[in-house]
Ligand code: 1CP
């Protein structure tokens, strides 16, 4: 189901221009909740085998778009591709999530890190972007992405996921210069990575600061916001109607929305812990906003999903002087493997119907 309005919705909303209805896409819209994803993964063998094969990455990117009237595709890949290419060696333990064989825990290890070459060491990502762009054939825009420097550094220092972030917080306290060195080289890599995805065909870029919210406000400003600002300032992304919008998504960072709006980003992704009316008040029309339905709403029944989607849409409009422009509907964080695909259908249809201008 392709129409010119569907193709334009996301880009126009990110520029805060009028649209026929509010665009919607969902973080982690490709994944294990879809039986066709599980089938592709079983054939490919692993997540990494899928992500490193551009044709399979393309297939998995398109799977949710065949089922649902989503307004964007997001590159099927992972934020941990950058540290993997820096030599940390990403691997997965079933049921435990991502791990690195060579975490960086001291100044000596950090001094050895260099920005990877985007068209050799990360060529598989750029090839996936090119294949997906070709296959989408103008139907909907393609979103490229990266982790934020802070969020990537969390995995690089901890060596995987973490409950308390003890190692990286100890580094922030005891060896702040070493951590800044790490964040600095990772920021250079993120900027090069996003620029390469843009050159390969990505039409929107999103940075995931998934772990920004584990920092105190003082530490957040020093170790996350400072580097997000560098990305928003230094990433070359064109002007006017040709500009490639940059979305900064943060989890647990609602307190900092005003500061994030000052970075020069085009849009902010908001989690579900504040009302969008409040988010608009904090950002004052300087940026578009994306979000922010609690993902667990998808465990509710269709009537509950529709009601909650309407509340998100109306909260944005209420905060924005009655106007729905400048809103991209999304979840406040990613989908989970045990969610019901039929409920995604209900959500996407409700967002379009309830926001029809
Ligand atoms: O099949 C599987 O078991 C693999 C699960 C999986 C998937 C589907 C991982 C491992 N990564 C992905 C894809 C992925 N990761 C996408 C695809 C595009 C989409 O449809 O949205 C994106 C955007 C990501 C980004 C990502 N990876 C983030 C940031 C977004 C978020 O969810 O906060 C993070 C933190 C990661 C790390 C990661 N990779 C994989 C997992 C399970 C995790 C989370 C680990 C943890 O909780 O610490």
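Keep in mind that glycine also has a Cβ here, set from the backbone N, Cα and C atoms.
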TrEMBL substrate site partner of 28, 29, 30, 31, 32, 78, 155, 333, selected from 210, 218, 283: 210
The one of 32, 155, 333 whose CB sees the fewest other CB atoms within 10 Å, among these binding-site residues: 32
Pairwise CA distance, residue 155 (substrate binding site) versus residue 78 (site 'Transition state stabilizer'), rounded so that it is a whole Å: 12
Filtered recorded positions, from 28, 30, 78, 155, whose Cβ is under 6 Å from an atom of ligand 1: 28, 30, 78
For the domain 'Uroporphyrinogen decarboxylase (URO-D)' (23-32), sequence-distant contacts whose Cβ falls under 8 Å of one of its Cβ atoms, 6 or more beyond its ends: 9-10, 13, 38, 41, 60-61, 63-64, 68, 70-74, 76, 143, 249, 269, 328-331, 333-337, 344, 347-348, 351-352
